[in-house]
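Beneath this line is the structure, given in structure tokens, with notes to follow.
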Amino acid sequence: MKPPILVFIVYLLQLRDCQCAPTGKDRTSIREDPKGFSKAGEIDVDEEVKKALIGMKQMKILMERREEEHSKLMRTLKKCREEKQEALKLMNEVQEHLEEEERLCQVSLMDSWDECKSCLESDCMRFYTTCQSSWSSMKSTIERVFRKIYQFLFPFHEDDEKELPVGEKFTEEDVQLMQIENVFSQLTVDVGFLYNMSFHVFKQMQQEFDLAFQSYFMSDTDSMEPYFFPAFSKEPAKKAHPMQSWDIPSFFQLFCNFSLSVYQSVSATVTEMLKATEDLSKQDKDSAHGGPSSTTWPVRGRGLCGEPGQNSSECLQFHARCQKCQDYLWADCPAVPELYTKADEALELVNISNQQYAQVLQMTQHHLEDTTYLMEKMREQFGWVTELASQTPGSENIFSFIKVVPGVHEGNFSKQDEKMIDISILPSSNFTLTIPLEESAESSDFISYMLAKAVQHFKEHFKSW
């Protein structure tokens with residue numbers, strides 16, 4: 001026996017093709033013999049079921065494509081995470097090496113502290129680090145080294161601030177990635193289950209479908225384009241993102257393709273610093289003669305760059321003192337300046353890797369949310385057809401008229417322009433439609449009206465995931 005829904009829908013389509021309004025005799029037969037009315041059309045295929053099956057097929061196709069995209073995103077995300085861990089490991093190794101070298105350096109430079117600390121406090125140092133970018137790096141290195149010596153000499157100034165354990169952060173990331181994988185995996189299972197149910201419905205009704213539709217529905221989803229993709233768009237401006245196409249470009253792999261660059265030598269910085277000092281000395285001479293270099297340029301929060309020019313001899317003495325401190329540093333702690341540079345670059349690498357991991361994570365989450373949204377919309381639109389899979393051959397009609405109640409009298413008011421029709425949808429549920437006569441027996445739109453109401457009822461009562 002054909003699936004019950006086919007009995008009713010085929011009959012509806014046959015009547016709609018006739019394009020003729022029912023007569024008074026037809027109205028009597030509808031009221032007196034509803035079962036005969038429901039059996040009248042067992043010829044054509046149910047277009048609503050066919051449309052829903054097409055939707056379920058496309059749902060499967062779209063989910064498979066989303067699975068591929070999700071896999072690429074997750075591979076990229078995990079690679080980013082690995083690279084972030086490597087960057088952090090590198091930074092820790094450099095920091096440990098630096099701390100060891102600093103311990104060796106502290107004792108040897110203790111005697112130089114009193115002589116070199118004035119270099120760090122000089123107005124000329126503030127001038128050089130403000131107006132000459134090359135000096136900033138060198139000053140930072142010297143200052144960091146001698147501050148550590150100061151902390152060594154005066155332990156109560158030691159900075160006890162420590163970072164949070166890294167292990168806790170990575171554990172949180174593990175949980176986050178696992179949650180994403182679990183949600184997507186469950187969504188994949190749910191979509192697969194719905195498609196299998198719809199395939200069962202297709203097999204029950206296969207003989208009623210044309211060969212072209214059978215060929216499409218049975219085809220490999222990777223080798224044939226679907227009939228259409230329904231345009232399910234989210235509300236305006238919801239989850240707007242520049243990467244919404246979700247075609248995974250190759251540049252994702254470049255996000256985490258990190259490697260250490262060749263560290264700049266400290267000697268190059270020193271050379272630039274000395275050159276800047278010579279240039280400044282020339283500018284001071286020009287300023288003494290009223291040259292153009294006497295013009296001052298304000299620097300936000302640092303005063304005027306022209307201030308030290310008023311006492312060039314003091315700055316030249318400052319240069320000599322700092323040069324001596326630099327010589328001490330190079331002689332007693334040759335590895336420390338370079339390790340400071342490496343530590344700075346390793347920290348920058350960690351920061352970049354954290355940012356890029358966060359970007360890919362955000363894209364992965366958006367992709368999951370968009371996929372969930374699309375699957376839910378397609379399930380709401382087409383998933384009702386899977387309810388028919390529970391009907392076995394030989395069961396009662398899914399769509400059938402049980403009774404027709406003519407006009408109802410309420411006091412002095414007569415509702416003879418309406419009729420009540422009880423319709424059975426599946427053995428477990430009945431519902432009643434109140435249909436105006438002009439929209440039923442006397443109208444050629446009666447079949448379309450009934451069909452729309454029945455499908456709407458199915459969708460409204462179709463259970464969620």
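Cβ atoms are placed via backbone N, Cα and C, with glycine included.
These features come from Swiss-Prot:
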COILED    62-107  coiled coil
DISULFID  CYS105-CYS333  disulfide bond
DISULFID  CYS116-CYS325  disulfide bond
DISULFID  CYS119-CYS322  disulfide bond
DISULFID  CYS124-CYS315  disulfide bond
DISULFID  CYS131-CYS305  disulfide bond
CARBOHYD  ASN196  N-linked glycosylation site
CARBOHYD  ASN257  N-linked glycosylation site
CARBOHYD  ASN311  N-linked glycosylation site
CARBOHYD  ASN351  N-linked glycosylation site
CARBOHYD  ASN412  N-linked glycosylation site
CARBOHYD  ASN430  N-linked glycosylation site
REGION    280-300  region 'Disordered'
SIGNAL    1-20  signal peptide
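The recorded positions shown are CYS105, CYS116, CYS333, ASN351; of these, the one with its CA atom nearest the CA of CYS322 (disulfide bond) is CYS116. ASN196 (N-linked glycosylation site) has its Cα within 10 Å of the Cα of none of the recorded positions CYS105, CYS116, ASN351.
A Cα-Cα distance of 15 Å separates CYS116 (disulfide bond) from CYS105 (disulfide bond). Put simply, CYS333 (disulfide bond) is 28 Å from ASN351 (N-linked glycosylation site) when counted between their Cα atoms. Put simply, CYS325 (disulfide bond) is 11 Å from CYS333 (disulfide bond) when counted between their Cα atoms. Mean model confidence of the coiled coil (62-107) amounts to 90 (pLDDT, 0 to 100 scale). It is CYS333, among the disulfide-bonded residues CYS105, CYS116, CYS322, CYS325, CYS333, whose Cβ has the fewest other Cβ atoms within 10 Å in the structure shown. CYS325 (disulfide bond) sits 13 Å from CYS105 (disulfide bond), taking the Cα positions as reference.
The Cβ of ASN196 (N-linked glycosylation site) has 13 other Cβ atoms within 10 Å, all protein chains considered. According to its DSSP assignment, CYS325 (disulfide bond) is helical.
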